[in-house]
């Protein structure tokens, strides 16, 4: 076999791991690859999740060279993953404590992809049942049907497993320390992914996942584990923000405002009901977006 097609399942430094659609008669189905120089010359980047063509296959050494990248159907910039079909935002109910502003930032980032979003509440065993119910109801008001899981008790793991098995490529993202790797260990115990504790004073997790990697959860279905980070950026364009809030989005169709450039703060002719929990966060986010989009006067 001189050429083949596969998917990039991991990327570190100058090397890519590619899992072939069809393994060679002799050798492994996963190859350690470099990139052809011409890809860089053409400005073609290669990321985890990309469908690629490989050549110069050495089945004995399990080596090859990536010679081309297939067109992408979707693209996430942070974390950088291609061809995603579901974004799973993982947030802990405690340790670290649930932070509504941080949660909103992650959800806005997920909504910007235009892909389906699943909200996952981890460490469910750390909160009393009535508190969890209240949190789930609160997030329902945000427009999200949350799934509560616990890597300690196994609660919700089977439901999550089925959700992921019905998806071609799901990306699991969220703040550091919310237990993403622990959840994946429950789903696929053979992975034995490294996990870490949450630091005490700042209540932030330590980065135990260092790079993006795809894991097969069922034939034709993969899930991406990603490094955690704690403060996603907001959009540069303030006019983009409103459609990223599901509870506001339902009020925007059909358009209820007098002017097409209404930002739904308190402008004349605005037809939006302001009695929703995240309205204050929305206004603060609008201000931040406006500051980002304003040209700098620094010389």
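Even glycines carry a Cβ here, placed using N, Cα and C.
What Swiss-Prot records for this protein:
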{"type": "BINDING", "residues": "122, 123, 124, 125, 174, 175, 176, 177, 178, 179, 180, 181, 182", "note": "GTP binding site"}
{"type": "BINDING", "residues": "257, 262, 264, 270", "note": "Zn(2+) binding site"}
{"type": "DOMAIN", "residues": "73-232", "note": "domain 'CP-type G'"}
Cα within 10 Å of residue 122 (GTP binding site) - qualifying binding-site residues among 257, 262, 264, 270: none
Averaged pLDDT, computed only over the residues in the domain 'CP-type G' (73-232): 88
Local Cβ density at residue 124 (GTP binding site) - other Cβ atoms counted within 10 Å: 23
Between residue 176 (GTP binding site) and residue 264 (Zn(2+) binding site), the C-alpha gap once rounded to whole angstrom: 33
Most Cβ neighbours inside 10 Å, all chains, among the binding-site residues 122, 176, 182: 122
Binding-site residues compared (178, 257, 262, 270) - highest count of Cβ atoms within 10 Å: 178
Max CA-CA distance, Å, over listed GTP-binding residues 122, 123, 124, 125, 174, 175, 176, 177, 178, 179, 180, 181, 182: 19
From binding-site residues 124, 174, 178, 180, 182, the one whose Cα lies nearest residue 270 (Zn(2+) binding site): 174
From binding-site residues 124, 174, 178, 180, 182, the one whose Cα lies nearest residue 262 (Zn(2+) binding site): 174
C-beta crowding around residue 264 (Zn(2+) binding site), within 10 angstroms: 22
